Amino acid sequence: MAAPAAPAAGETGPDARLEAALADVPELARLLEIDPYLKPFAADFQRRYKKFSQVLHDIGENEGGIDKFSRGYESFGIHRCSDGGIYCKEWAPGAEGVFLTGEFSGWNPFSHPYKKLEYGKWELYIPPKQNKSPLIPHGSKLKVVITSKSGEILYRISPWAKYVVRENNNVNYDWIHWAPEDPYKFKHSRPKKPRSLRIYESHVGISSHEGKIASYKHFTSNVLPRIKDLGYNCIQLMAIMEHAYYASFGYQITSFFAASSRYGTPEELKELVDTAHSMGIVVLLDVVHSHASKNSEDGLNMFDGTDSCYFHSGPRGTHDLWDSRLFIYSSWEVLRFLLSNIRWWLEEYCFDGFRFDGVTSMLYHHHGMGQGFSGDYNEYFGLQVDEDALIYLMLANHLAHTLYPDSITIAEDVSGMPALCSPTSQGGGGFDYRLAMAIPDKWIQLLKEFKDEDWNMGNIVYTLTNRRYLEKCVAYAESHDQALVGDKTLAFWLMDAEMYTNMSVLAPFTPVIDRGIQLHKMIRLITHGLGGEGYLNFMGNEFGHPEWLDFPRKGNNESYHYARRQFNLTDDDLLRYKFLNNFDRDMNRLEERCGWLSAPQAYVSEKHEANKTITFERAGLLFIFNFHPSKSYTDYRVGTATPGKFKIVLDSDAAEYGGHQRLDHNTNYFAEAFEHNGRPYSLLVYIPSRVALILQNVDLQN
């Protein structure tokens, strides 16, 4: 038989392309070992990694490295010099002229012109007064004046402004020069990265039970101790980056370097973060780099008089669904701006990482609109992927983890893009975690569409365990999304209007309240135990907060009634909210002791449709759930991997959790060498209806 013909010169087959990709991406072989289905897309990972490496190389060649490049906030904006002068710098490539005005100049718009530099940059030096004090004192108001090429005179806030305020009933924000003589000094070191991440998703403004905007100081004094007591070791702060529209929930950013002044001063936010650190709690910022507000007078939009500057020009620069502007991630100065923003929050405020909002919108040119992701790998590669945005995310993760190796980054991505949470050295996105966004949808679907006796145990387990191998997920039963007006929290789906009338401990349990309290605990525990490598709860949901969240707006007559968290409900000893709060606390504290979130994925030994039971093992614990609305089971056999004596360590039916006390916690359960459900040992337990148990092998513990 004749030998096969050699390939023509320059021709490359699939094997040759794979070899080339493996040669270019340092740890791609490991990624393809983890997920062999990615092999046909090796060239995509090669291209992404080479582009990422090229940008890093170019930054090194032209800027002296990413360390220097990400310090844009040290020169852009306005800064006090050692001689008492003021140095100002802006990037406004479309401007005809740039000027600084403010209280210091009597608002003369043209008295202080900037000098034009290369690449669209402008700078200004303002000498000090004769006594060497700065001409622009701390707390004074400023504006950048732009003269456009069409002759317009535009008043703007610097994109690098550190503090902006809106006074009285003004429509727009004022830029305030923030340079206090005695800035806050951090007293406590950053906690180490938790081995298990238990996140308390928080919004400072709604953290009071009163109908008003709460302050950083209120949150520090009143909410941080609650979070610590509940056993959470991480806070995710929403709506910190300044946003002109309060009802946007912080997702229409106008000033990216300014901490929202609604809640207080920058120094008070620093005190909040520092106090959390003193409690051993890490703090994540909900960072919004997926889009920006359309505001121009107090936002980035049209900063230099053009529709481009920081954003794509034309239709590509607008998000049709969000009505906001979209960054041009391939722009050198946009990269400087966004990477410097990452560094600013890490260094100036000592945040410990980020939850990146709207990642799906960034990753794809279609922004996820009208797309149903089926899991077909072809959906994650090709022309629909915005590789410039993906490269930016790789750079942002690289920067955060280079500066602070214990930094935590979480991606909000509904698409399930493969390798998003793999290291950049593998060609991945570099995130530490992704949000398990299908889980809350599953719980809402079950509560809306199915009777309890029709819940599919296998489908619940599938949803909770359906995650990419070695890509960590943050599981949650509900987040702020489910609390917003128009939706319902789990507690409200379960108990609805009876929450207003039948939550008193002095009244007998109604069937609705009984069902609601028992299922609320079970849903949260099985999500916590089976759903991921991290867990998230939105503030107030731990105790079954009874109302949705609705910020003041025209549609509700600017009311703050629903823009609050009624922590007073769980503090009232005569109300049943305390039971849910107690369970959430003890669930977190048990995880802290046993570490199931940092343990390998659970082994599910039973998902019995007729009995409505689910059992699994994780971190040496035996989790047992009976979702049946009416059937209890005596001497129910449960499989386990180990012999020995087991004890109950968490029981949702306990009195302190609003249960019916049907289990004796002094009972010992002995696992014998009796194979069951694929496990070599098994034990017999009593599992009442609508009860969740965790058993621990005390022999192994000892």
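For all residues, glycine too, the Cβ spot is worked out from N, Cα and C.
The feature N-acetylalanine is assigned by Swiss-Prot to A2. Taken from Swiss-Prot, the feature substrate binding site covers N62, E63, W91, A92, P93, E118, Y119, G120, K121, E333, V334, L335, R336. Residues or ranges marked as (1,4-alpha-D-glucosyl)n binding site in Swiss-Prot: W107, K143. Annotation comment: Swiss-Prot describes D481 as site 'Transition state stabilizer'.
Of all Cβ atoms in the protein chains displayed, 20 besides its own lie within 10 Å of the Cβ of V334 (substrate binding site). Here substrate is bound by N62, E63, W91, A92, P93, E118, Y119, G120, K121, E333, V334, L335, R336 per the record. The longest Cα to Cα distance in that group is 20 Å. Long-range Cβ neighbours of R336 (substrate binding site) (same chain, at least 6 residues apart, Cβ-Cβ under 8 Å): F69, S70, G72.
In the three-state DSSP assignment, the secondary structure recorded for N62 (substrate binding site) is helix. In this structure, the C-alpha atom of W91 (substrate binding site) lies 15 angstrom from that of K143 ((1,4-alpha-D-glucosyl)n binding site). Sequence-distant neighbours of P93 (substrate binding site): residues of the same chain at least 6 apart with a C-beta under 8 Å from its C-beta are Y119, G120, D304, T306, C309, E333. Between the listed binding-site residues, namely W91, W107, Y119, the fewest other CB atoms within 10 angstroms of a CB are found at Y119.
In the structure shown, across all protein chains, K143 is the one of the binding-site residues K121, K143 with the greatest number of other Cβ atoms within 10 Å. According to DSSP, D481 (site 'Transition state stabilizer') sits within a helical segment.
In the three-state DSSP reading, W91 (substrate binding site) counts as strand.
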